[in-house]
Structures are given as structure tokens and as C-alpha cells.
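J.: Not my notes, these are from TrEMBL:
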| type | residues | note |
| --- | --- | --- |
| TRANSMEM | 126-146 | transmembrane segment |
| TRANSMEM | 153-171 | transmembrane segment |
| TRANSMEM | 209-230 | transmembrane segment |
| TRANSMEM | 251-273 | transmembrane segment |
| TRANSMEM | 346-371 | transmembrane segment |
| TRANSMEM | 392-412 | transmembrane segment |
| TRANSMEM | 456-475 | transmembrane segment |
| TRANSMEM | 495-515 | transmembrane segment |
| TRANSMEM | 531-551 | transmembrane segment |
Amino acid sequence: LQICVSKCPDRYLTYLTAYGNPSSLEYYRDFCSPEFKNPRKAPLEVLKDKECPAMLIPSTPLARRCFPAIQAKKGVIMVGNETTYDDGRGRRRNVTELLEGAKKANVVLETRQLAMKIFEDYTVSWYWIIIGLVIAMVASLIFIVLLRFLAGIMVWVMIVMVILVLGYGIFHCYMEYAKLKGEAGSDVSLTDLGFQTDLRVYLHLRQTWLAFMIILCVLELIIVLLLIFLRKRILIAIALIKEASRAVGHVMSSLLFPLCTFFLLCLCIAYWASTAVFLSTSNEAVYKVFNESACPFSGQTCRPETFNTSNITKLCPDAQCLFAFYGGETAYHKYLIALQFFNVFMFFWLANFVIALGQVTLAGAFASYYWAFKKPDDMPAFPLFSAFGRALRYHTGSLAFGSLVLAIVQVIRVTLEYLDHRLKAAENKFAKFLLSCLKCCFWCLEKFIKFLNRNAYIMIAIYGTNFCTSARNAFSLLMRNIIRVAVLDKVTDFLFFLGKLLIVGSVGILAFFFFTQRIKLVQDTAPPLNYYWVPILTVIVGSYLIAHGFFSVYGMCVDTLFLCFLDDLERNDGSAEKPYFMSQNLRKLLKKTNKGQPDA
């Protein structure tokens, strides 16, 4: 039983001791439940009905709780200036036995102090954190603009560096192989040596370095051959990335659109969380009859308010009405887990719909750039708002259907994770193996559906066809150009990784030097902190989220322009009736011309 009191007890006292002393009993009543009305009631009955605690201990308030007032004086543990206490049975016990009950008090206190210090750090450094995030935003924007000029240089420098690193690896392996010539034990074969736990043993064998050298030579040859045969596709990927930078420059409002998606996702999360809390707290406290001897009412529900005056206590004197669980026995309470499951499913559906709405809006805006023959003159005045309006007016059903398919797969994955958690203690290895295989399959299926949905939404934004038709056309178009897809995917992945690493790393290093007061020019400006890692980690995480938001827009732009480019090549031939809509740089790269039309 827990009750609220005006102040914590300040003395040792048992109810048996207080019962025979009116003044002590009056003090004791401050720590009894409000139902305690009869001070002449037998102590055994009072304690059985849990109307008063069996014992009071000198305590101090901590986190709105009363904990034993433990202190150490000259190495001696004391509670309330006493080293022993009366347990109510005429025995004196050592206060060290109370330490176990108050062991977690220090954890609560330390956690509270840590939280207060972190809060203090935020109050004195919040504006510097905002400045750091603004720097990350500006750096992300500058990087996207510079991709128009530096994408090709960065890609080719990276390729040359990979080739040089592999070449040095081959040279190093050959030098180690030659150095071990004639040394004792270096000519032992790997098969004769067998498996060794100390892997350094293998580095003293010539055969090991020969194997490394052969592997690196094969990798070097494969990369060189890929460069020879895929050089044109790499150039196309670089040209598309540069074109995407131009498109983002003409639709600058697209960089802020992720904030709208984030706001809608927050609403979805708030709806799901509030519904889940309401469902969880709609249960009722269920009390049941517990007894030590045989009783016909054992296990039946009861009401604590009327239990002492009921016939149960007369027929079963040792019976008690105790709390059993939260729940209920109505049809609503029995199917409450089904309602929670449906709430999770609706959360996935709504979240996927919001993400789909953002993707089709961005795709529509960037597609209007590509299919404008004279860029940017033929573009709509507000391409992003126009695309958003079209998505809500014409494509809501397609987005809902695509989100539904993905939500079903995600709910299945959640169910499999729940089953896996329940089967952790089971000994059935076949069931665990089957469950692991199913989890792997549905993980792959979810990744494939996300890829298919993303490209289907682009086709929906371009042509306005339904989801199934768009998904089929997008998948067929990508499969007919699978090598171009692979090359563009890897090139963009590399550039995005490089951009995120550069932005997060540079802003994080700048924040580290600033908050640790290592920059002499602004040494006096940096705020005093309890933990300098608090604002630094906040800036690093925030910088990553900002860079991820910017590059997600840029990635959607690249994917949209790529699908438009592939469709442009298949649908048009450069004639006056079917001119190419791609930029002049892409036409030059592919040696395509528009007959009878001026260059866009």
C-alpha cells in the first residue's frame, strides 16, 4: 500500500509499540490509510487489512518518495543516528539490513542530477547549437550546388584512388613475398599448416602473400575492365547528377518540403501513441480472492471496498481480496490486443502514405523540369505546389494502395519479431530456423516493395496512371536498363556518403573545437558546460538529419530525372514530332540531336 503524506517519518516505531501508547498512535495515524477509523481495532486485523504499515523508519524525501535516512559517521552506517532498530518482536536488528531496500535510491538521485546538468547545458548553449545546425544547412546547400561542377571530378578522383590503393596493395604483397624467400618455415603450405587461432602465423608464409597478391590483381583487372566497358554509363550518371543539381536550383522550395513530411509524420506518431495509451489505460483493476486454506470462493473476483463485510470472510477467515491484474472480462477487454494490433497497422499505413505523398510531390516537381522543352521557361510558376495539388486531387487512391501493400508486409515483419521474442526461451531449433528464414524473406520483400513503390510513384507523377500500371511500367523500364541503374545507384550512393561524411564531420569537428574552448579567437565566447559532449552530440545528430533531408530530396530528383531520361530515349527519336527533352549536355554525350529544333 502506498499513500501520500505531508512529511516523512523521523523515528523508529512499530505499530505494536504504538498501539499501547496514545501519543505514539496519534503520530502513527499520519502514515495510515484514510480508511483507518478505529484506533481500538486489534493490531492483527489492522495489519491484515493493510490499513497501517507494520513499522516506521526515519526517512528523507527523495524524488517524492520516502527513503531510509542512511548516513555514515566515521565509517559506521547509521539510520536516524541509530545503528540498530527494534523489529517489533523484541529483537534489535542492524541498520545495514535496510540498505538493500534503499539501494536504488542512489541511482534515482544520480539520474536526476545528470538530467539537471544536461538541461543546464542546453539552456546556456541552445543558440550555439542552432548556429551549428544552420551551418550544416548552408554546407548541405553549398555541396548540392557544387555537385553541378565537381561531381565528375569527385567520382573520377575516387576511382583513380581505388586503382592506386589496389596497385600499392599488389606491390606491398610482392615485396613481402620476396622478403620471405629463403626464411625458415616460410615455404610451408596453408594446407599443411591447417587452422590456427593466432592469425599472425599466416603472415609469415609466402603462400599467404601470394594469395593476397593474386586476389588484388584479379580485383584490379575487374575494375579496369569495368571502367573500359562502363565508362560511357559512368559519364551519363555524372551528367544526370549535374542535371539534378540544376533542377534543385530551379525548384529551391523542394529543399524545405521534408519539413512538411516530418510534420505530418509527427501527427501520425502522435495519433498512434495517444490511441495506444488510451487503449492500454482502458483496462480496469481486477481483484480476486486469495486464501491459504480450502475455500469455495478462491479465484473469484471481488471488490476491496465491500470484501470485509461480505460472507466470504465469514466462510473463509484467512481469505484476502488482492489485486490480480489490469484487464477485464468483457468482450471489449478480451479483444483489446486485436485493437492494439489494428492501431499498429493503421500507423504503418498512415506513415507510408505520408512518405508516398512526399515522394510523388517531389517527383512531380522535378518531372515538370525535365519535360519542359525550354528550361526553365516552360516550367509552371510553382512546380512544387502544383505537384502537391495534383497528388491530393488525382492520386490519393494510388498512394493509399501502394502504402497498404507496404504496411501489410511491415505488420507481418512486426508479428514475426514478436513471435521470435516469445520463442527465445523455446528449445525447438526448427521453429527458430524457420522463423529466421521468414524474417529474412520478408525483410528482402520490404526492401523490394520500397524500391518498386518509389519508382511507381515517379511514373504516377509523370503520367497519372494507376499504381499497378505505373509499377509495371517502371519495373520494365528499369529492367531494360539494368546496367545503367546499377552504375547510377553506386555513383549517387558514393556522392551522398561523401557529402554526409564531409558535412557531419566538418560541423562536428568545428563544434568540438568551439565547445572545448580550443579556438583562441572565440575562447571567451564559448559557454561554460558541465558536459561538453551534450551540445557536440546534438550538433552532430542534427547535422546528419539535416544532410539526410537535403540529400533525400536530391536523391528523389536524380531518380526522377533518370526515369524521365530512360523514357525520353525510348519514346522520342529527335524528330520534329518527337524531340528529345533531355538537356543539351546529355544529348552531346549520347550524340543525339533534335532535328529542326533549336537546342534547349
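For all residues, glycine too, the Cβ spot is worked out from N, Cα and C.
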J.: Can we call the transmembrane segment (456-475) and the transmembrane segment (126-146) in contact, meaning three or more C-beta pairs below 8 angstroms at a sequence separation of 6+?
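T.: Checked: the transmembrane segment (456-475) vs the transmembrane segment (126-146), no contact.
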J.: Between 153-171, 251-273, 392-412, who has the most Cβ pairs under 8 Å to the transmembrane segment (531-551)?
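T.: Per the Cβ under 8 Å count, 251-273.
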J.: Which bits of the chain, at least 6 residues beyond where the transmembrane segment (153-171) starts or stops, bring a Cβ under 8 A of a Cβ in it?
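T.: Counting only partners 6 or more residues beyond its ends, the transmembrane segment (153-171) has Cβ contacts under 8 Å with 212-213, 216-217, 219-220, 223-224, 227, 234, 237-238, 491, 494-495, 498.
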J.: Of the listed stretches (126-146, 251-273, 392-412, 495-515), which one yields the highest count of Cβ-Cβ distances below 8 Å with the transmembrane segment (346-371)?
T.: 251-273
J.: Below 8 angstroms Cβ to Cβ, which residues of this chain, lying six or more residues outside the transmembrane segment (495-515), approach it?
T.: 125, 128, 132, 135-136, 139-140, 143-144, 147, 151, 154-155, 158, 241, 522, 526-527, 529, 532, 535-536, 539-540, 543-544, 546-548, 551, 554-555
